Amino acid sequence: MDGGQQYNPRTVEEVFRDFKGRRAGLIKALTTDVEEFYQQCDPEKENLCLYGFPSEQWEVNLPAEEVPPELPEPALGINFARDGMQEKDWLSLVAVHSDAWLLSVAFYFGARFGFDRADRRKLFNMINDLPTIFDVVSGTAKKQSKDKSSMSNHSSTKSKSNSKVTQHGSESQPKYSRPQPKDEDEDGLDEDDEQGETLCGACGENYASDEFWICCDICEIWFHGKCVKITPARAEHIKQYKCPSCSNNKRTRP
């Protein structure tokens, strides 16, 4: 159950990087890959767990056989509750247990490698700056990001709206490339201040100038292209982009 190359993070930064990789994998399972995840969690199968790996991949599998396990184990038997509750509620429940598992793994490494009080506080603060998986799955992270955006004045909103017109002059294509900053002289804020407030609606991380972003035309939330599996080339051919959450809102499961 290594999901790739095994390693033992020994510093706060390494543990946090491990945390972020596992978290990204779990978020993929519960958002962009939710159909595949749902199908794999067959209630007729044995006790299943959802694993996230440092490589940003996920896996539904049986729990580790060794006792005690090499790492803390995620919640057991997530598949049994699948058909007994609303899908949204079930996904939220899995998300909560996944958050608890991520923390247990991170602080397991901290205990194993002797993190002192300052290291533990630093690690917690780094983790706490990210939205929880539950926040992302339930839409709380998107709401918080949208609330931040709504605090900008009308000219900033207009600037983001105008980004829908691409370099080819087409107004039918979605907003992409990157979130648009406010004018440098507006309210005394520079470009970095505005960009620092823009969070990805999927992973909750801040804007970075070297990454491709795309904006949902329905909820107006920005996403890393890699988080929603959209490349710059593919974005060129999308007339109206809908993020996974907005797409799932129109999907009903029998």
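Heads up, residue numbers simply count up from 1 along the chain you see.
A Cβ is built for glycine as well, from the same backbone N, Cα and C atoms used for every other residue.
Summarising the annotation, TrEMBL assigns compositional bias 'Low complexity' to 150-164.
For 165-175, the entry in TrEMBL reads compositional bias 'Polar residues'.
Under the heading compositional bias 'Acidic residues', TrEMBL lists 183-193.
What TrEMBL lists as domain 'PHD-type' is 197-249.
Per TrEMBL, the feature region 'Disordered' maps to 144-193.
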Secondary structure tally of the domain 'PHD-type' (197-249) (DSSP, helix then strand then coil): 10 helix, 8 strand, 35 coil
For the domain 'PHD-type' (197-249), the mean pLDDT of the predicted model: 83
